[in-house]
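Database features, via TrEMBL:
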- MET39, TYR76, ALA117, MET118, ASP119, ASP179, GLU185, ILE270: FAD binding site (BINDING)
- THR182, ASP296, THR300: Mg(2+) binding site (BINDING)
- 1-19: signal peptide (SIGNAL)
Amino acid sequence: MDLRLLRYGLFAIVLGALAGCDNPATKVNTGMVLEGKTMGTYWRASLAGVDNARQAELREKIQAQLDGDDRLLSTYKKDSALSRFNQSSSTEPYPVAEAMSDIVTMALRIGAKTDGAMDITVGPLVNLWGFGPDKQPIKTPNQAQIDAAKALTGLHHLTVINQAGKQWLQKDLVGLYVDLSTMGEGYAADHLARLMEQNGISRYLVSVGGAVVTRGTNPDDKAWRVAIQKPTDRENAVQAVVDLNGHGISTSGSYRNYYELDGKRLSHVIDPQTGQPIQHKLVSATVISPTAMEADGWDTGLMVLGTEKAKQVAEKEGLAVYLITKEGDSFTTWMSPQFKTFLLSE
């Protein structure tokens, strides 16, 4: 089973006129829905005010761009740009694309503001626990294995260099493994939004996995409504509904991407400090930011921190955050004042 597919879980889903379309390209009112697969998850573009004759053209452009993003950021493709950096044993500056430099720069900033909870070098631990390209372990990793993987992590081992319009990444630890899956969906969603603008489309909702970006109005000339799912097995159970108003949203959750090993339920969210899957009661963190990439980075860091520390960071940084915590057989929610400005219903 490809664990990446479980990341989809669309925590943010479209409501209203364009919801529930099953065909890859469906005309609804004056709208269009295009869908496909990328990065081990799913993408969707819900468009308004677009000529239906452009379906094939737009779908081809979207898929081509997303395939390019995957070739840049994938850790599953051995020949991706990121995989080549990870495979390199050199500690000299390594030339990279501007997009990768931008993602890593944002990741390092969020990592610092979350005291390392959002750590893109946690790849060796992700792989050890079977949530990366490597297979699931047949028994729980022991402390020696965890410590060995942890020794290959740390944001302080990674530097971004920007000089004369060129970009490099530099590691000072051979074996450092960068995993950008925590922000890849957000980057790809933002990239799709830019593609829409370049093609003269100003009314859209685009999503990659759990990262969503909107602009303008839907085919009914109303706000695009995005739902945060309840952390249950019912995929379309709605917890809250928001109007992004041109922002990006992303949700990280521990209740869809998991497996059971030695009688324990193991989440794909790894705590860099312990080297193990998180065990606390926070089951979902949603963040709204100016970009989906930024939201995608923050939601992961907050999930690692747990409810109380996540609240503290949200308040300190002025983030629009919605948290769902499991308390026994029920769930409690918390939202920051900034999040309330986007809320339509709860």
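Glycine is treated like the rest: Cβ placed from N, Cα and C.
Any TrEMBL annotation is an automated prediction that lacks curation.
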Cα-Cα distance, maximum over MET39, TYR76, ALA117, MET118, ASP119, ASP179, GLU185, ILE270, record's FAD binders, Å: 23
Cβ neighbour count (within 10 Å, all chains shown) around TYR76 (FAD binding site): 15
Tertiary neighbours of ASP179 (FAD binding site) (same chain, Cβ under 8 Å, six or more apart): THR75, ILE120, THR121, VAL122, GLY123, VAL126, GLY132
Neighbour count (Cβ, 10 Å) for MET39 (FAD binding site): 21
By Cα-Cα distance, the member of binding-site residues ALA117, MET118, ASP119, GLU185, ILE270 nearest ASP296 (Mg(2+) binding site): GLU185
Cβ-centroid neighbours of Mg(2+) site THR182, ASP296, THR300, 8 Å, sequence order: MET118, SER181, MET183, GLU185, GLY186, SER250, SER252, GLY297, TRP298, ASP299, GLY301
Residues satisfying Cβ distance under 8 Å from THR182 (Mg(2+) binding site), sequence separation of at least 6: ALA107, MET118, ILE120, ASP296, GLY297, THR300
